[in-house]
Amino acid sequence: MRIHDLDPENRPRERFLRTGPASLSPSELLALVLRSGTRNNNIIDTCNALIARFGLERLADIPLSELQEIKGIGQAKAMQIIAVFELNKRIHYSRNLQRKVLSARDVFEYMAGRVPDITKEHLFVLHLNTKNQIIRNEQVTVGTLNASLAHPREVFKSAIRESAHAIILVHNHPSGDVEPSNADRQVTEILRQAGSFLQIDLLDHVIIGVDTWFSFREHSLLT
């Protein structure tokens, strides 16, 4: 069944105009973005298939080639999907750029949706001003954290350029287990010492998982 075959009152566009976007399902909202299906694929069914395969939460991180594996999703529609989620990320980033960080929970909430590929380990450095507001968020490395990847030169280079008062390290564990490894501890200590020499405080190192986090400061591992 095509959208035009539906009762007019039940079509996504008409319901949107009548009752607002909150009344539509995720598939219906996505259908409004993609607008039309193909001769053999209802756009609602196509959007249902997308969400069933990838899940709504993961849809923002699926690459172009994988989106096109869904019947009815060509390159143009896959680009539309990625563009919508990318725009949302940038809006979220802009709103939170000078967010004040007072705890590891603040860091965890700030980083929600900012890890581009949760199947890989990423190291980010948050630059803070004297009011503990984030003035920059920089991705430094991709891959298992170790001393060669997280060299003080790379970590502090932009912090010096931005005249940051302090930094917070953030990295994710793809496994979801946020317990720090020996390498995590060693890298943190090396960077703490480097920050002390440069007079740029390392306020915390926060390891994030899917729904939890580990704070070096809260566990008294930064002295």
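Glycine residues also receive a Cβ, built from the backbone N, Cα and C atoms like all the rest.
As given in Swiss-Prot:
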- H171, H173, D184: Zn(2+) binding site (BINDING)
- 1-17: compositional bias 'Basic and acidic residues' (COMPBIAS)
- 100-222: domain 'MPN' (DOMAIN)
- 1-20: region 'Disordered' (REGION)
- 171-184: motif 'JAMM motif' (MOTIF)
Shell list (Zn(2+); ref centroid = CB of H171, H173, D184; cutoff 8 A): E121, L123, L145, N172, V178, P180, S181, I207
Sparsest-packed of the listed binding-site residues (H171, H173) - C-beta count within 10 angstroms: H173
To what whole number does the mean pLDDT across the motif 'JAMM motif' (171-184) round? 92
Could you give the number of helix, strand and coil residues in the domain 'MPN' (100-222) as assigned by DSSP? 35 helix, 36 strand, 52 coil
